[in-house]
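One structure below.
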Amino acid sequence: MSEMRTHFPDRPQFSGFMKPCRVEGDISQLEVYGEIPKEIDGVFYRVMPDPQLPPFIENDPWFNGDGNVTAFRIQDGRASFRQRYVRTEKFMRERKAQRALLGKYRNKFTDAVEFRVRSTANTNVVFFNGQLLALKEDSPPYAMDPITLETKGLYDFEGQLPALTFTAHPKFDPVTGEMVCFGYEARGDGTPDVCYYRVSPTGQFKEVVWLVAPVVAMIHDFAVTDNWVVFPIIPQVCDIERMKQGGEHWQWSPETPLYLGVIPRRGAKGEDVKWFQYKNSFPGHTANAYEDKEGHLVIDLGLSEKNVFFWWPDAQGNAPEPSSIHSQLVRFTLNPHAEDLALPEPKILHQGNSEFYRIDDRFATHSYRHCYFDLMDPQLGTDFERIRPNLGGGYPLYNSLAHFDNATGQTEVYFPGNTHLVQEPVFIPRKDSTTEGDGWVLALVNNYATMASELHLLDTRDFTHAQAKILLPIRLRHGLHGSWVDGRDIGSQTEQLQ
């Protein structure tokens, strides 16, 4: 039986800016400094892990919290806020019990009760076929109303979902509207099975392919081109026997290479997959992928030589010092028909310590020019001595937003202030413009001086300055991922968000 706690553990991931928010509500007419262009009309959705109750696991990681979804409605130069928890099975049962019931991260053997679905729905939120989908890669999505943020329930695509898991990073084809997805550990914890599937814009499954990974390990993100799908395997491995003994789901494996699984996007069979190999390293989020003129695959992603998830060390307990971890935007180029599966050294696109890469999604799966991401550059002037007491811990620190131009190799940097750190950006296309990268970048910013959150809006034509700063009267915990949805895609009911 789990211990009932009356307060959150005295740990960095539950203190300072990371102290759980536990807030639901609406705020209209947020304060705006500067000017929001009236042509911007849509909703910025994002989700943060935000435990409603103290966990009974003392050192619970920050991203094991309940999914709390935020909707920022922007229209007519104004901004409003709405936030609701995803009513998962976990959330509802713990609310009724008035105590935590979920045990260690992705370890059902440590739970206080048996769950049908353990999802926290806390990693990403995307809009598809009229529904908002709250995603966690160990389970099916939860569907939410995009206006009210009311939870509709667990969503299996009307009984079509073939796997027990669904990626938190589905890819959308900007030409066909197709959603390309997969699930790993797709037959349950500790299984090597990967299930790949394509979904039509109206929600019909068009193809299902089962394949077997060379190791039971994490596949957090993936990449899609016109004709191929790529699965980067992170060398964090699962051992079901370790889990049964109360251990962690994941353990860093220095002996395991980075695998890139490559399979045809259409008409594939499981045995068609090729597992290309690179030295032991940590592949992060993908920026984009496409096919060059020779038919080679070009895959741009974050890469670190060290274990980015340092809180899950190797079998001997070895883990890197967090401040020593450096992730760079790199480019792998490979021939999908090659017999030699050894990957060449990737090209470093940007030397800086970066992550959370976003592009103009209208150019996804195709050759592209512009990439936007979080960057940590200590030389910019962040006052770490001042903000350190309020930082909390357990989450990645980035102090600026960057725009990298693939054509010129040049980088522009926006520095939000010496007491600020940034979260993942999203790109907003300029209305009626078809030019790649013509629009705005929007990101949530942590202000450690005021202990409140802000939205910073940058015009890509003047990237180094904020066109508008939208201030919240509350603090939002560091989140994971989100998306921008055009108001025309949601419909006229979006005025209810104002």
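A Cβ is built for glycine as well, from the same backbone N, Cα and C atoms used for every other residue.
Sequence annotations record features per position, and here Swiss-Prot assigns trans-resveratrol binding site to TYR105, LYS136, GLU355 based on similarity to another entry. Counting every protein chain shown, 28 other Cβ atoms lie within 10 Å of the Cβ of LYS136 (trans-resveratrol binding site).
According to Swiss-Prot, the piceatannol binding site annotation covers TYR105, LYS136, GLU355, on the basis of similarity to another entry. Taken residue by residue with DSSP, LYS136 (trans-resveratrol binding site) is part of neither helix nor strand, so it is coil.
Taken from Swiss-Prot, the feature Fe cation binding site applies to HIS169, HIS220, HIS285, HIS481. Under the DSSP three-state reduction, HIS220 (Fe cation binding site) is assigned to coil, being neither helix nor strand.
Under DSSP, TYR105 (trans-resveratrol binding site) is assigned to coil, being neither helix nor strand in the three-state scheme. The binding-site residues shown are HIS169, HIS220, HIS285, HIS481; of these, the one with its CA atom nearest the CA of GLU355 (trans-resveratrol binding site) is HIS285. Across the fold, the C-alpha of HIS285 (Fe cation binding site) and the C-alpha of TYR105 (trans-resveratrol binding site) stand 20 Å from each other. Around the Cβ of TYR105 (trans-resveratrol binding site), 20 further Cβ atoms fall within 10 Å across all displayed protein chains. Annotated pair HIS481 (Fe cation binding site) and TYR105 (trans-resveratrol binding site), C-alpha to C-alpha distance, rounded: 19 Å.
According to DSSP, GLU355 (trans-resveratrol binding site) is assigned to a strand segment.
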